[in-house]
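According to TrEMBL, the protein has these features:
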type	residues	note
DOMAIN	306-400	domain 'Cytochrome c'
TRANSMEM	12-32	transmembrane segment
TRANSMEM	81-99	transmembrane segment
TRANSMEM	111-131	transmembrane segment
TRANSMEM	143-160	transmembrane segment
TRANSMEM	172-192	transmembrane segment
TRANSMEM	224-242	transmembrane segment
TRANSMEM	248-265	transmembrane segment
TRANSMEM	277-294	transmembrane segment
Amino acid sequence: MIEFFNITFRMIHVVAAIMWIGNSLLFTWFELNLRRNEEDGDESLGSMNMLHGGGIFFLQKRIIDPKEIPQRLHIFKWQSYTTWLSGFILLVSLFYTRGGSLLLDPVKTDLPGYMGGVISFASLVGGWLCYDLLWRSPVRNKELLGIIISFAGLIAYGFWLDTIFNGRAVFLQMGAMMGTMMSANVFFHIMINQDKMMTALKEGKPHDLKLGKQAKIRSTHNHYITFPVIFLMLSAHFPSTYGSPNKIAIAAVAIITLALIKHLMNCYHSLPRWKELLGVTFVVGAGLVALLINQGKASEAQSMTPEAAAGQKVFTSTGCNACHLPQDGTIAPSLHGIMGKERVFEDGSSLVADENYLRESILHSTAKVVKGYAPAMPPYATVLSDEQVDQLLAYLKSLN
């Protein structure tokens, strides 16, 4: 039942996010491609024709006469709300209800488990308030300064989280923070200003473009945040990013690179060689991320024996690190400090983990399934050589 709940809300979250991000990308593209034509009249702010699916569509952005308010207006808000609400439900059900064990890193902090959920929720609210107050202040008139302060604040937040949260939770929380800012922008700014504008029109007042511009500022913020949020959320599937000692630097480089790529995509009308610049930005950003990942691996390997270092490569190349995290996860238990630890199995039996148990678990994974986990791990008897198994065991021993 819990797994069904998890799958259902993950699907809702992903589908709603795709729709929301798709809207953001499409409407920004509309804005950039609208052109003013004299034949459209003085009330037109731009129009365009599009060919799609065998049909021709006409799009126009215009100033509305209070006497000619369209009877049907499509409003885009529920994609945002559904994304945030489903994401928060997943955050609560998967992380907050487990006593914070999937958030806090016991190696870094002695805080009680429940504080993980408290810190997570409180910082989502506090982060939004800091961001909102910043962009309500006079800084909003100095866009570049506001961007620098916002980015510096996010990275400082990441460094602070890294002193108490495990790596996976750090990236997840940073992504949740940015997603909260995006959805709060829709709720507290974009929709409110649009409602004020429509209320004034219905009262017979002229179309106030200032309200639309205020909503557009926060909408633009959301637009540039989309790519970095996607990276932070998908990073949960790539332990080499959040598991690196350089994780915050990796996040910073990825955020800057993806925001620049989005900007270059928006500037293709004004930058003749935008494709080349985009390619260079991607190569440099990806290269820096790869360098930071490999640098982190090299520093970890220096403290290991050659056999354990080779085992670490096997652990990564076979995908073990995707499920076996530094702390117990929802898919598989942690292997850190496993030697000498008691394991309780689904059949009610138990034993103290030793080399023989680990070898059997690797080669015949379904022989002894740890209680609380599904028998999802494939057997590696025909995949790994004896030498690779020995190397993997040496690495697992080093985790103690």
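Cβ atoms are placed via backbone N, Cα and C, with glycine included.
Contact check: the transmembrane segment (143-160) against the transmembrane segment (248-265) gives at least three Cβ pairs closer than 8 Å, residues 6 or more apart, which meets the contact criterion.
Sequence-distant contacts of the transmembrane segment (277-294) (same chain, at least 6 residues past either end, Cβ-Cβ under 8 Å): 240-241, 244, 246, 249-250, 253-254, 256-258, 260-261, 264-265, 271. Tertiary neighbourhood of the transmembrane segment (12-32): same-chain residues 48, 59, 61, 76, 79-80, 82-83, 86-87, 90, 219-220, 222-223, 226, 230, 266, 269, selected by CB-CB distance under 8 Å and a gap of 6+ residues from either end. Secondary structure by DSSP for the domain 'Cytochrome c' (306-400): 38 helix, 8 strand, 49 coil.
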